[in-house]
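Worksheet for the structure shown next.
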Amino acid sequence: MDFNVKKLASDAGVFFTRAVQYTEEKLGQAEKTELDAHLENLIARADCTKNWTEKIFRQTEVLLQPNPSARIEEFFYEKLDKKIPSRITNAELLGQYMQDAAKDFGPGSPYGSTLITVGEYQKRLGGSEREFLQTSAINFLTPLRNFLEGDWKTISRERRLLENRRLDLDVCKARLKKAKLAEAKAAAAPDFQETRPRNYVLSASASAAEHELRVAQTEFDRQAEVTRLLLEGISSTHVNHLRCLHEFVEAQAAYYAQCHRHMQDLQKELSSANGDTFPNAFAVNASTSGVSAGPSPLSTGTQPGPSSPSRPPNPPNALESNTLKIEEVKPPATGTRKAKVLYDYDAADTSELSLLADELITVYTVPGMDPDWLIGERGNQKGKVPVTYLELLS
């Protein structure tokens, strides 16, 4: 190993003089060379860019991978320069569980067949999520990481070098100032016995200090120019990040559009299923989740309180008597449920069933029936009843 003692001692001396200069500046005992306003603005802009880019990068990582353990695992794989193993998404895992459950429950049963259908769509949602994660990582996270781990490290290194050059420059200025003061003091109070040698030494010291100052000024100006060029490149970084942000938004929009399309297809497939394949209770739940006829959903009718909620208006009767003959309607083999009546209801015609508050009736739906209505049975009586007047029981 080439161990240069002189170079080590020289570097230690430079470090010490910089430390002394820095300390005296902080204590207000030494002058400090200020950077020009343009360079100061560029530095402030670069610091702002770095801080916000880092925050956006970290939060995007949390958005794409909420599991901190998984993020740490991916971090180590990246540092080891190894390929990150493919990880199943939560939606895909849920879909697999649903399909496995359907095998035990019986794929031919209404519940089992529905589990298979929903599980398949959950897997599709998971596939869309994986594609979104991969696209976002490549088009958005990678450019941000490259800036933080590449460009910013270069800028930081050059800024540290500029600060060292500034300290060296201020040290040379202080040395020249001391040499000038000593020379002026010697000229003001001459010693006739040692005048010539002392003045000669002081003059040579001042000349050396001036030479060192010129060299330090040149190195400082060169480093300031290099740093300025790097900092002006932040504008190009903003343009690049803007393009990446647009790509991230497009990927996000495509992902949510796919999810919406999958769920619409799932709803259509479940709604089109007949009573033997899918329980009629789905139609009941679908109507209660988005009732447009009454001012309050079913859940408001079950809220405890000192007084009963106001009676909702009667929903429009979409099926006329000549369309649906109540006496010919037969209850399905599966899908009937019990319901508690919330309010009194007077039948508008013979196709409807009058209700009394707090009584229990059996309800079910039939294909083609308006979702705001159900078929209700009380003993031998049967007729249409409005959904908003009922609390469905399990």
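Along the chain as shown, residues are numbered 1 onward.
Placement of Cβ uses the backbone N, Cα and C atoms for every residue, glycine included.
As annotated by TrEMBL, compositional bias 'Low complexity' applies to 294-305.
As annotated by TrEMBL, compositional bias 'Pro residues' applies to 306-316.
Here TrEMBL flags 24-279 as domain 'BAR'.
Looking just at the domain 'SH3' (334-394), the mean pLDDT is 89. Look at TrEMBL and you will find 334-394 tagged as domain 'SH3'.
Marked as region 'Disordered' by TrEMBL: 289-321.
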Please count the residues of the domain 'SH3' (334-394) that DSSP assigns to helix (H, G, I), strand (E, B) and coil. 3 helix, 28 strand, 30 coil
